[in-house]
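A.B. asks: There's a structure below that I have some questions on.
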Amino acid sequence: MEDGLSSFWGPVTSTDWCEKNYVYSSYIAEFFNTISNVPGILLALIGLVNALRQRFEKRFSVLHISNMILAIGSMIYHSTLQHVQQQGDETPMVWEMLLYFYILYSPDWHYRSTMPTFLFFYGALYAVVHALFRFGFGFKVHYIILCLLCIPRMYKYYIYTKDVSAKRLAKLYVATLLLGSICWLSDRVFCKEISHWHFNPQGHALWHILMGFNSYFANTFLMFCRAQQREWNPKVVYFFGVFPYVKIQKPKSQ
């Protein structure tokens, strides 16, 4: 949304959200939409430390790192509101979903080398096409399709998981996804009305915060399910009795 201080980055060339631009700094276009990515980075860092400390498979370390890259890309995009930076935010979103697809489906994939190879070339091709062409609505449709493809497998993991705490993680994942989607849609659809309010609820910033927790809950649930498959005796424990993470006990042979 226009208004505010003079712009260090020049005219807006990307999608503009329902937050007044350059209100707090001439270097940050959308202040709240920028800083709201910090929780996602910290949560992904916590997940990464846990994955490395307990020697989970490398796929989970890569997953947490991809969450951090996505959040950093989002910060750069919202601080500049430039088209190139928006692509730098959207392309990692697709790569991240391809990684989720691999983690969800690869355990039962008979020809295991074919899946990462296909997903790698698909992601590379998408990055090239997305860099050459501008398709805002097409990106959203494509991203939603990738998300929908992951849902059946997530549901299968949920119904086959008996642990109550692990199921709670899955429920928190769904709850944050729904709440975040409501915030995103409200910010996008009702922006004209919100612009006349004395207080902007910052729906898109809330979306960032909720998606940071959403990714953490999803990753933790998937780590639990994978540890079950590997017979690592996983348990969901709580740091300070509040913050959940997975603790495993590998057999001595591993």
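For all residues, glycine too, the Cβ spot is worked out from N, Cα and C.
What you are looking at is a predicted structure, and each value in this text was computed from that prediction instead of being measured.
Annotations per TrEMBL:
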- D16, W17, E19, N21, E30: Ca(2+) binding site (BINDING)
- 31-49: transmembrane segment (TRANSMEM)
- 61-81: transmembrane segment (TRANSMEM)
- H78, H204, H208: Zn(2+) binding site (BINDING)
- 93-111: transmembrane segment (TRANSMEM)
- 118-137: transmembrane segment (TRANSMEM)
- 143-160: transmembrane segment (TRANSMEM)
- 172-190: transmembrane segment (TRANSMEM)
- 205-225: transmembrane segment (TRANSMEM)
A.B. asks: Quick check: with H78, H204, H208 left out, which same-chain residues have Cβ atoms within 8 Å of the centroid of the Zn(2+) site Cβ atoms?
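C.D. replies: Other same-chain residues near the Zn(2+) site: W17, E19, E30, F32, N33, T34, S36, N37, S74, A205, W207.
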A.B. asks: I'd like to know if the transmembrane segment (172-190) touches the transmembrane segment (31-49) in this structure, counting it as a touch only when three or more C-beta pairs sit under 8 Å and are separated by 6 or more positions.
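C.D. replies: Since fewer than 3 Cβ pairs under 8 Å link them, the transmembrane segment (31-49) and the transmembrane segment (172-190) do not come into contact.
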A.B. asks: Between E30 (Ca(2+) binding site) and H78 (Zn(2+) binding site), how far is it from one CA atom to the other, in Å?
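C.D. replies: Pair distance, Cα basis, whole Å: 6 Å.
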A.B. asks: Using CB atoms and a 10 A radius, I'd like the single residue among the binding-site residues D16, E19, E30 with the highest neighbour count.
C.D. replies: E30
A.B. asks: Using a Cβ cut-off of under 8 Å, list the residues of the same chain at least 6 residues beyond the transmembrane segment (143-160) that approach it.
C.D. replies: 90, 93-94, 97-98, 100-101, 104-105, 167, 170, 173, 218, 221-222, 225
A.B. asks: What's the number of neighbouring CB atoms sitting within 10 A of the CB on H78 (Zn(2+) binding site)?
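C.D. replies: Summing over all protein chains shown, H78 (Zn(2+) binding site) has 28 other Cβ atoms within 10 Å.
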A.B. asks: From the Cα of H208 (Zn(2+) binding site) across to the Cα of D16 (Ca(2+) binding site), what is the distance in angstrom?
C.D. replies: 15
A.B. asks: Between W17 (Ca(2+) binding site) and H204 (Zn(2+) binding site), what is the CA-CA distance rounded to a whole number of Å?
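C.D. replies: Cα to Cα, W17 (Ca(2+) binding site) and H204 (Zn(2+) binding site) are separated by 8 Å.
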A.B. asks: Quick one: pull the CA-CA distance for H208 (Zn(2+) binding site) versus E19 (Ca(2+) binding site), whole Å only.
C.D. replies: 14
A.B. asks: Taking the Cα atoms as reference points, how far is H78 (Zn(2+) binding site) from E19 (Ca(2+) binding site) in Å?
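C.D. replies: Counting only the Cα atoms, the answer is 10 Å.
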A.B. asks: In angstrom units, rounded to an integer, how far apart are the Cα atoms of E19 (Ca(2+) binding site) and H204 (Zn(2+) binding site)?
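C.D. replies: It is 9 Å, counting Cα to Cα.
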